[in-house]
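Beneath this line is the structure, given in C-alpha cells, with notes to follow.
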Ligand code: MSP
C-alpha cells in the first residue's frame, strides 16, 4: 500500500521547539512503522516561508525574508537530520517547483470559477495569519486563538468559493477516521454547519509571497500563506508537471491518493479539516484519509514563552538526556490529542522506571539467564506448550497496539508494548527460573527464558519505529533482524523463534538528577516611557456596578451600568463574560478609564473601559481591578 505522511511545514520566524519535535517524531514513528509493515511510504516535512509573519520576523532581525528563511529552514533540517528523522522530502515553500504548483493550482481554480475578485475588510491576526469575524474577537480586538491584538485590514482580494463545499465537507466528515481525535470532529462539523464564508486568498498589504499566475495580470497580489502552505503536501509529489496539474494521480501522487495522512497540532485543525479538503474538492482530487490533531505542550505546568525563557529546545533535551529517551517521553507521556507537560522530573521518571527497569533490565536478564543455563542459546521448542496463556495475553496487547498506532495514538501504542514487557517481567518473578534450575527442571527454566526472549523480540519489533536505535541494539544482542519478514513472523503470524544471545552493555543508564539548567527569564522588552503629563491625560475613576447583564448574541460581552458619582450611571461594555457571571459583579467596585472616547460595540454604546489585569492560568484570563477597601464613587485613581 502507498501512503503519504506529512508533518505541518513549520514557520521560519523562530527556531524549532518541543511542539515541532513532537509532531515530527510522531510522523517519523508512523513512517517507520508502515515501512516496517511493508508499505510504500512517502514522508514530507519542511518549512513555511512566506507571509507577513515571516516578513516581520526578518525585519526585526535585520534580514531579508529569504535570508531569514534560509537560515531557519536550515536549522529545522539540521535538527531533523541530527534526530535521524526519516523524511523522504524536505519541502520549502520558496522552492521553485512549489511556487509553480501553487500558481498552477490558483489558475485552475480561477478557470473553474471557484476563485473570484472582491474586497475584504476584517480583523487580521498576523501571528495566526488569519482573519477573524468581529464577533469572535476577545474585547473586540484580540485574536480568539492566540490572544494577540488583531489589526483591521481592508484590501482588494480574490476569494475562494468555500461556501460552495459545505455539503461535500459534511459528507466527508462521515468517514470514520478522517478527523482524529473523534471529539475534535464535532467541533469542525459545528463550525461548518454554522455557515461557511468564502475565503480571502490573496493579499495586497505586503509582498513576501507567491505572485498570482500570469493570466490574471495582478502584480499587487500575493497568494494567502495557507493556500500556499497546504499545497506543500502535494508539490513534492509532482502535482504540477510542465505547467499543468497531474490530477490523475500519476507517479508519487499515488501516495496521497491512496492514503494521505496529515499530523498537525490542534490549533491548525480548521485549516486542515475545512480549507484543505475544500481546495482538494475544487481540484477534483481525493481527500485525505486522516487528519490527526495533537495537543499542546507546556513546561513545568506553564505556557512556554520567550520572555519566561522556558521554551523547550529539542536539541538541548536530546544533548542532556539522549534522543531516544526524549522520543520515548514525547510519544509516551500524553494520549494523542491531549495537552502535555514537559518537566525534567517526569522525563527522568520515565527513563528510570520504564526504559532502565522494564526494558533494559529485561534484556540483561535474558542475556544473563541464557548464558548461565544454555550457553547463550534459547530454545523455544517447549514454549507454546508451557506458556500458551502468556503468549495469548501478549498477542491481545499486540493487536490492541496495532489498532492504536493506526489512529496515531502513540502513547496507547507504547502502553500496550509495555504490557507485553510486563508479562515477561512478571513471568521471571513468578516462575523463578533459578529455582527451577536448582530443582533440576532445566526445560522449565529454558521455556521461561524463551518466553521472555520472544516477548522482548516482539516488543522490540513494535518499538523499533519509536526507538530505532534501542530496538536495533536489542535485536543485535538477541541475534535477529528488524525487518518486514520478521514483522510478519513475530507480529502478523504471532510466531516464535529460537535465539542466540550475546553479552551487551546496559541499554539505558539511570539518571540521578536533573541534567538541564532551569529556565532563566529573559529581559522583559522595554516599553516606551511616558511623562507624568501623559498619564494625567487618563482619567481613571472608581465606580460601583449597579447592573450587569450578558449581551445577547455574544459569548464574551457583559453590559454594565456603573455609578461613577456622576449625574447618571454610565453604560460600559466589557469582554469578560468568559471569566465572570454577570450577577456576581453587581455591587462590586471597579476601576474605569472614564475619559475614553465612547465607542459602539455590537450596536451598543460603551462609555468608558473597565480595567482588568491579564493572568495566565493555563490560558488567557482577565481579572477585574478594584480597591482594597470601599471608596467614594468617582474617586480618582492616580
Ligand atoms: N506553518 C503552519 C503550518 C502549515 S501546514 C500546511 C504552522 N507552523 S508553526 O510552526 O507555527 O506550527 C507548527 C506546529 O507546531 C503546529 O502543528 C502547532 O500546533 C505546533 N505547535 C506550536 N506550539 C506548540 C506547543 N507548545 N505544543 C505542541 N505543539 C505546538 O502552524
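Yeah, the Cβs are placed from backbone N, Cα and C, and that goes for glycine too.
TrEMBL: automatically predicted annotations, no manual curation.
For the motif ''HIGH' region' (10-20), the DSSP-based tally of helix, strand and coil residues reads 3 helix, 2 strand, 6 coil. Positions annotated as motif ''HIGH' region' by TrEMBL: 10-20.
Here TrEMBL flags 125, 128, 143, 146 as Zn(2+) binding site. Summarising the environment of residue 125 (Zn(2+) binding site), the number of other Cβ atoms within 10 Å of its Cβ, over all protein chains shown, is 21.
The annotation motif ''KMSKS' region' is assigned in TrEMBL to 303-307.
Beyond the ends of the coiled coil (384-411), by six or more residues, the same chain brings 26, 29-30, 33, 177, 180, 261, 263, 290, 292, 294, 331-336, 417, 419-420, 423, 427, 444, 447-448, 451, 454-455, 458, 462, 466, 491, 494, 496 to within a C-beta distance below 8 angstroms of the stretch. If you look up TrEMBL, you'll see 384-411 marked as coiled coil.
The domain 'TRNA-binding' feature in TrEMBL is assigned to 534-638.
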Item to complete: Write out the long-range same-chain contacts of residue 146 (Zn(2+) binding site), meaning residues 6 or more apart in sequence whose Cβ is under 8 Å from its Cβ.
Response: 125, 127, 128
Practice prompt. With H, G and I counted as helix, E and B as strand and the rest as coil, say where DSSP puts residue 146 (Zn(2+) binding site).
Written response: coil
Worksheet item: Once the chains shown are all counted, how many other Cβ atoms turn up within 10 Å of the Cβ of residue 128 (Zn(2+) binding site)?
Response: 19
Worksheet entry | Within the motif ''KMSKS' region' (303-307), residues counted as helix, strand or coil by DSSP | 0 helix, 0 strand, 5 coil
Response to the item:
Around the Cβ of residue 143 (Zn(2+) binding site), other Cβ atoms found within 10 Å total 20
